[in-house]
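Copied over from TrEMBL, here are the features:
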type	residues	note
BINDING	Gly102, Glu103, Ser104, Gly105, Ala106, Gly107, Lys108, Thr109	ATP binding site
DOMAIN	9-637	domain 'Myosin motor'
DOMAIN	754-951	domain 'TH1'
REGION	527-549	region 'Actin-binding'
TRANSMEM	928-955	transmembrane segment
Amino acid sequence: MAEHESLEFGKADFVLLDSVSLDEFMANLKLRFEKGRIYSYIGEVVVSVNPYRAMNIYGRDTIEQYKGRELYERPPHLFAIADAAYKAMKRRNKDTCIVISGESGAGKTEASKYIMQYIAAITNPSQRAEVERVKNMLLKSNCVLESRVIFQQEGERSFHSFYQVSEGLTTDIKKLFLFCQLFQTPDKSHQTCSSINDSADFKAVTDAMKVIGFTTEEIQTVYKILATILHLGNLKFGSDGDVTLIENSKLVSVLGDLLSTKDENVEKALLYRTVATGRDVIDKQHTHQEASYGRDALAKAIYERLFCWIVGRINDVIEVKNYDARVHGKNTVIGVLDIYGFEIFQNNSFEQFCINYCNEKLQQLFIQLVLKQEQEEYQREGIPWKHIDYFNNQIIVDLVEQQHKGIFAVLDEACMNVGKVTDEMFLQALNGKLAKHAHYTSRKLSPTDKNLEFDRDFRIRHYAGDVVYSVVGFIDKNKDTLFQDFKRLLYNSSNPVLKAMWPEGKLSITEVTKRPLTAATLFKNSMISLVENLASKEPYYVRCIKPNDVKSPLLFEHERCKHQVEYLGLLENVRVRRAGFANRQTYPRFLQSHTYDKEAVKRLLQGCGFEHDVAYGKTKVFIRTPRTIFSLEEQRAEMVKRIVLFLQKVWRGTLARMRYRRMRAALIIIRAYRRYKVKSYIREVNRRFKNVRGMKDHGKHVKWPTPPKVLRKFEEALRNIYNRWWAWTLIKDLSPEEMVQIRAKVATLECLKGQRADLGLQRAWEGNYLVSKKDSPGTASSFTLVSSDLQRKDKFMRVLFSCNVRKINRFNKAEDRALLITDRHLYKMDPVKLYKPMKSIPLYNVTGVSISPGKDQLVVFHTKDNRDLIVCLQGMVPAGDSRIGELVGTLLSHFKSMVLSVSLIIHRKEKKSTVIQLMKFQFHIYRFWHYLAISFIFIHFYNYIILFLYLFYILTCL
């Protein structure tokens, strides 16, 4: 029995009910729901009632409470059954499956999510990442796969995806997909749903597809296919005499663009059908009805292919990667199966018939595995059994799938008949073959039953109740009714994703192909395969119940829940569990040995005091209550723990001693080798740099030896010492004038390194170029006179830079000018008027300089009053000399105690030149030279200290 719960919450296990009746069952289920206990047991079956509210029972602490525990050690929970399935897989090396069933809204998807969450949490760390990846992919796939194309039940919408693309796509994307204002396929009368945010869901689906691994092109194709279906819903046909026409012909080009095919091919496929008669191929025009039918068939087929393609892509993603049976052992699995529930609507058609057949098939499996096998096993083992009558729904399964006589067989036969076959003719065939079947009837067979319409309805008595089906559409829905013309049209699409969905389109019209399987046959084969797969696993069951239709956390609708309890077969399960034993094992398995020893099992159980709670079969021991199993498992686990600890102690001691000997030998070798490498490195450095003082480049060409790992930091310090010494040898003999130029060149290099190809660092910088006869032949004397007058007037000390320039004004007009920069002012001069000063700017008003990276040598002087001066340096001798670097370096050297902003500008060839400042360099030049001077003063003292410390550290390590 389930422990740790008070009786005020009802019976945690329905097997413990005082009497087995539907009323008792419902009363206990309601009590537990009202007390907040949404999980209950029926033996090893979990009954889950959707709480319609968040519950704090799925956290890490709850996982730890159920991890490694037996099923009945803790209160009922999904984690308990997930742990039982996991242990069955790990301990007994068996494939297991957890079948989650219930109708829409009962909480099946949430249950599967929590089960996968638990399995991911308790999996070994080495496997947890893969389990977590598959779980996340499956959960992400939920919103992608959730989404009736041309008809909906009353109160239903079409697939969510249609509304999501209609509401979620941006206006630009809608224009790209040529969306119209209204669409007929997602019925507008069902579109409004206050609980659904289509825009948010659209974003969630798009994000999920990206996480799963869909490419941008694949996502675009999905949207195009959905848009195609929506546009097909707007396509209307008309008639001109005997000729069928497309009324809104503009949609043809829209469909052609979306399907990446020619417009004329789309129109032909919609209006004509190509037929091969012998060697001749003719185009047969559709009637208005045939064209409409073909349009609807195309919409459904496109969506079906899209859905199958998405499922295939998701299966590829969640497939186990890099599995090797030789390394990982047997590939055992835990399957989590989420099955849709029984459906009874106002209008039940072919879709509901297939869904209910699926539930009959799974209920049959449930009966076989949980009920029927119980009785048969007891009889085989010679254990007394109290017979329980239960409804064996094999008769209904045979009614649907039996060869030659079943409903599917009759439907397929009707679809294969030559000539016009109607749904009424199919119903007549059913009446002829199933007239005497106890679970089938129609109005013809029951003339007084006014709930059935003549030539339209038939009723099947399912295990969950009677369902009336309308045969309207059965024939069309069962056939592969998509014309081959549409398949060829889509196969010839230039979109590779769409093309891959229609491989049969490559067949020419004259090729003979087998008749495609009908929808009923495909569904039946799929169900048979699923049942065979489930039968090969050890099953665990979760039965989900929807308490009400308004999603209220407080309302328990009795009749609603009663119907679900009945069609889930829960009461029959309770009867079987109450009458039998909770557990049974073969004698060798019970003893964990390979010997069949029934007497040893008896002595063991008698010694533990459990002989009153067991029964002995021919090959198995049967244990009635789980408590006995728990006690035996605990005693065995305790003994196994002791044995394991002893073996671990001995083996770990052996491994530790072996490891110690290897480590000690390795340490001796490493120490000797390290000492050798250090000595070798020091000797090599000494050999290579012994005579660097006498070398022409003071050893700059000497290659440093590769240091051992232990000396890498030492080598860095040694390189720094050498580089400082080498720099000191280069500048110690320079004159003050040369030092000024060096400072300017260093400033230029630091500022513009990597920004300009030519900085002019290889030549001597003259600065005052306008006094040079090379730049200004014949006018140098005039400039000298003007410069002297300005010096007397403005009291500047020296000229920093002068050069001929081409000035550009705000009207984009260029004129020849001269530029003079002194230690106090910046002058713009007119060389034509003997260098007459035109503008004077105090240097303290200059806030920054912007230069171009190209050969135009463009310079912009920024001022505080925003009246920037824009010039291009020109008139260089020799032509092509770059003086940008000299100008920038001179200014940076002069502004020693100020911050000068130097920017890089870029010209982009557009209608208007755009200047973009990419980066700014701010230099505190005086700090740089201050630090350089201090480093030269202390260089020798510092070098000796560092060298001594590193040598002391190395010798200590040795």
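Glycine is no exception: its Cβ is also placed from the backbone N, Cα and C atoms.
This view paints the features noted in TrEMBL onto the structure.
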residue : record           : Cβ contacts under 8 Å, 6 or more apart
Gly102  : ATP binding site : Ser48, Lys108, Ile339, Gly341, Arg543, Cys544, Ile545, Lys546, Gln564, Leu568
Glu103  : ATP binding site : Tyr340, Gly341, Phe342, Glu343, Cys544, Lys546, Gln564
Ser104  : ATP binding site : Tyr340, Gly341, Lys546
Gly105  : ATP binding site : Asn50, Lys546, Asp549, Lys551
Ala106  : ATP binding site : Ser48, Asn50, Gly341, Cys544, Ile545, Lys546, Gln564
Gly107  : ATP binding site : Ser48, Val49, Asn50, Cys544, Lys546
Other C-beta atoms that fall within 10 angstroms of the C-beta of Thr109 (ATP binding site): 16
Structural state census, the region 'Actin-binding' (527-549) (DSSP three-state): 9 helix, 8 strand, 6 coil
Sorted by sequence, non-Gly102, Glu103, Ser104, Gly105, Ala106, Gly107, Lys108, Thr109 residues with Cβ within 8 Å of centre, ATP: Asn50, Gly341, Cys544, Lys546
Stretch-averaged pLDDT - the region 'Actin-binding' (527-549): 90
Cβ atoms near Lys108 (ATP binding site) (within 10 Å, other residues, all chains): 24
